[in-house]
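Annotated in TrEMBL:
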type   : residues : note
DOMAIN : 205-300  : domain 'Ig-like'
DOMAIN : 389-461  : domain 'Ig-like'
DOMAIN : 491-585  : domain 'Ig-like'
DOMAIN : 594-690  : domain 'Fibronectin type-III'
DOMAIN : 692-787  : domain 'Fibronectin type-III'
DOMAIN : 775-868  : domain 'Ig-like'
DOMAIN : 877-972  : domain 'Fibronectin type-III'
DOMAIN : 990-1078 : domain 'Ig-like'
Amino acid sequence: MLAGRTELTGLFVEKPKSVVAITGIKTMNAALRFFFFFDTGKDVTFVVKVDSTNLTRKPTMKWLKGKWMDLGSKAGKHIQLKESYDRNTKIYTYEMKIVKVVQGDAGGYRCEVSAKDKCDSCTFEITVEADILSAFKRADAGEDEGELDFSALLKAKPEPELEIDVWELLKSAHPSEYEKIAFQYGITDLRGMLKRLKKMKVVEPKVSEAFLRRLESAYSVNKGKKIVLSVEVTDPNAEAKWLKNGQEIKPSAKYIMESNGNIRTLTINKCSLADDAAYECVVGTDKCFTEVFVKEPPVTITKLLDDYQVVVGERVEFEIEVSEEGAHVIWMFEDQELSRDDKNSKYRFKKDGKRHCLIIQEATIEDSGMYFVYTNGGQSKGELIVEEKELEVLQSIADLTVKSAEQAMFKCEVSDEKVTGKWFKDGVEVKASDRIKISHVGRIHRLTIDDVKPGDAGDYTFVPDGYALSLSAKLNFLEIKIDYVPRQDPPKIHLDVAGNMVSQNTIIVVAGNKLRLDVEITGEPAPTVCWMKGDKVLTDAEGRVRVENRKDLSCFVIEGAEREDEGNYTITVTNPAGEDKANLFIKIVDVPDPPENVKCTGVGEDCATIIWEPPKFDGGAPLKGYLMERKKKGSSRWTKLNFDVYENTTYEAKRMIEGILYEMRVFAVNGIGISAPSLNSKPFMPIAPTSEPTKLIVDDVTDTTCSLKWLAPEKIGAGGLDGYIIEFCKEGETEWHPANTDLVDRQSYTVRNLPTGEKMNFRVVAVNVAGRSPPALLEQPVTVREIMGEETTRFRKKKKKKNCFFTGKPRPVATWLKDGQPVDEKKVGIRNSNVDSILFIRSAEREHSGKYTLILKIENMEDSANIDIRIVDKPGPPTQVHVTDVWGFNAALEWKPPKDDGNCEITGYTIQKADKKTQEWFTVYEHNRRTNCTVSDLVIGNEYMFRVYSEILCGLSEDPCMSKNTAIVAKTGLEHKQASYKEKDMNCAPKFTAPLVDRSVTIGYSMAISCAVRGWPKPKIIWMKNKMIIGDDPKFLMQNNQGVLTLNIRKPSTFDSGKYSCKAVNDLGEDVVECKLEIKGNLQVH
């Protein structure tokens, strides 16, 4: 039955729905759920569809049960997995079919799909519940006819076969029988079984009186979505409180609490990571708990980093785009994380929506390297190459030969139009004047000298500012000399082209430069001049190639030399007296043509091999080598691969990213310069073969066949895995023969038609688009013969579990011994199969230590293997800790090793001290390997106690050993001298420090008068009214508190008015203070 369509989220186009299987007689409340119902014993199919339109590679699908059980390893007759691909819609369809659903299939399931930096998951459930209608049958045979007949419920029925509760059986069984029961009832998740059994034993199920339906154990929700927690209570009038992490939740726009009949719900809107917590619902004294897990969608990188190549001082800005705004990204340079908190950092970080940038204002050589950026769902990297500033000379200055009063112009061209420079003549800077002009237009620098004079001849040099570079040329001044010769003087050609001559009569000119060849001619009468290129006479006086004739001088000029100008030239001068001829060869040199046929011949995981053909024309100068550049396809940034000229036509490019398309181009270099770039190579992708297959073993051997099994390679890479090739060869030979012509997809294969009795070697090779992987080779040759063979044993050790693989025919009988005696199966679990034997120790104790022996027997043949198992526990405390000596601020301790070493070597001791007054312990030494130590920095005058712990690999001993005696750091050479004290005479006559104050009060209201006195010995106090001593009249209360004297008068009348005085008397004298008291009557109004 196909699951219905769900809301489109993430990569899924269609997700599976939960289903309910109906069986037995139980109370069923699932009818209200939005599930699909079907009967147990029938098949169910779950369908998942994934859209691969935006994916760069095939997605990977996993079907899981519970938290971690991979159903791919359980595929078979009961669970069948299938996948298909529609090329038109680019949708992958994945199906999981469960044949004849049973009670054991109930539970939570999850499917996960991932493709490079994208992933998504969804959950669904299979619930097996009861159908109460199955107990009732129609009276008639028809399904929809007849009346309901309930009499069948009253009739005696044969006792049905009781269903065995595996968990009740496990709770009452001994731990050594767990493995046997698990395999008997088909439980494969052993770890999950033990965890659940532990919880069942510790927590007794409690019958809820307040809840009819409790919260699920856990809920999952995507970030930004809402979730509804619902319970059903027994009392419709009961109030429910909701708590989050133990704190009561108050109603708000985010948390909405509703009560509808017996249903209580809590709705959490727009879930954030702060809502990932533990929740509980409290009704009266009963509670139910759950956990909410908020899933944050992974942030992927939609625009990857580009590689940069800059010069020192330039600005660099790495930029990426991510799938979510406000995402957190981490930038790293090589292995160092770049922090935003460092104010002195050269790096600046910019965030604009989905766009994130890393900026380096002025790049340095130290900034060269790989830069990485990470999100929680992807990563990217880019390379930065920083070069020193280099200036290329596109056209150098040439030597000039000029006559008097003519113009001389030196011109050069450099690569950077911003570069300035200076001109020098014979080491002295040339200054501009009316006759000398210096110009700089773009990349061209000119020095023009008008009306050349003999003093202008010399060496001229152009020096760019900021670069260790200079361009030099020579200015030759042609001085015209007039010689008086006879009338009949034969013509003569005087060549002076030493600056351009590389060999006799050969002149080299750089393409694009100007050639001006001035030839002095003598003869009387004036000779006739004729210039020829080959058989062609050159007569043009204007144009790019021209001849300028003057008196006694013939000039041959080529403006902007081209390759076609190269050839043999002849100058012939004639007059009646004779003829003279000179031959010249003008050679035009240029940058070479671009290399041709650039292509990739091989790739690796992070490298590629590039070849090309030399340029057809080398520019007339020998090639020095080549420069290479690469870029990612779709990017416009080229990255240099070499800075020194590379001489060969084959190059291996490295430091590339697997799975990324690249393009290459090549430049040719000669003595003149660098050629134009070649055409881009076809895009290529660095990929590598997989690693070798793992765990190759022999599954079965007959007289003519050998069955092999193996596991997939640990590393597959971007090239994927196409299949496997199985090869074999006889022992002693080196030639391997393939056993299969087509690639094998599965991880097992039977090699057939093998020679009986021969020893054969086997190996398996994984194949993908990058080629063959390293082979996985069997450790020993296999004898092709179905006879009883001596078995071999191999061990693989795991924690608390020993797994031993063996081979042999017929099946060997495995027996375990401990220290030569059969193992006690009540303490140790053993499971034997056709190919291995597993020894389980569920709860390791010290008594399980010993030498275990596995014995395999086939009739009269036997093989064995030994395992030494040592169970380690915490050690006992050391013994006889005592203080051996005390000196200065130090104390020496000694002790003996513990009697119980925990079945392991003692690795050290921890020593602690405590002042006997405070009883607070402080650690002095940790990991002390000796059985003695010296404790320093003790405080003089204090008494100290000590204690020592033993230490092994698994920790410290439970209890320490206290020292038998204490260390008293005695005071030496100190004596306290008390300062002399002179007692002060405190005797004085009485004196009032605060007088009595006149008062006026209302009749009937109690009042008090106060003053203060000092004196020693303590004075006697006498209160008087109108000079008469006040006696023991109860109306007056007299108090003396530390020299503060108070007279309280209770409800005074008009008769209490008068003059009150207080006298203080002692042996040294007396003192008196007085005040007036006025008692006012009440004013009555009639």
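The count begins at 1 with the first shown residue.
Each residue, glycine too, has its Cβ placed from N, Cα and C.
TrEMBL annotations: computationally assigned, not manually curated.
Note: the domain 'Ig-like' (389-461) comprises 3 helix, 37 strand, 33 coil (DSSP; helix = H, G, I, strand = E, B). In the domain 'Fibronectin type-III' (877-972), the DSSP tally of helix, strand and coil residues is 0 helix, 52 strand, 44 coil.
Secondary structure by DSSP for the domain 'Fibronectin type-III' (594-690): 0 helix, 42 strand, 55 coil.
Residues belonging to the domain 'Fibronectin type-III' (594-690) score a mean pLDDT of 90 in the model.
Break the domain 'Ig-like' (491-585) down by DSSP state and the numbers are 3 helix, 60 strand, 32 coil. Across the range of the domain 'Ig-like' (990-1078), the DSSP-based residue counts are 3 helix, 58 strand, 28 coil.
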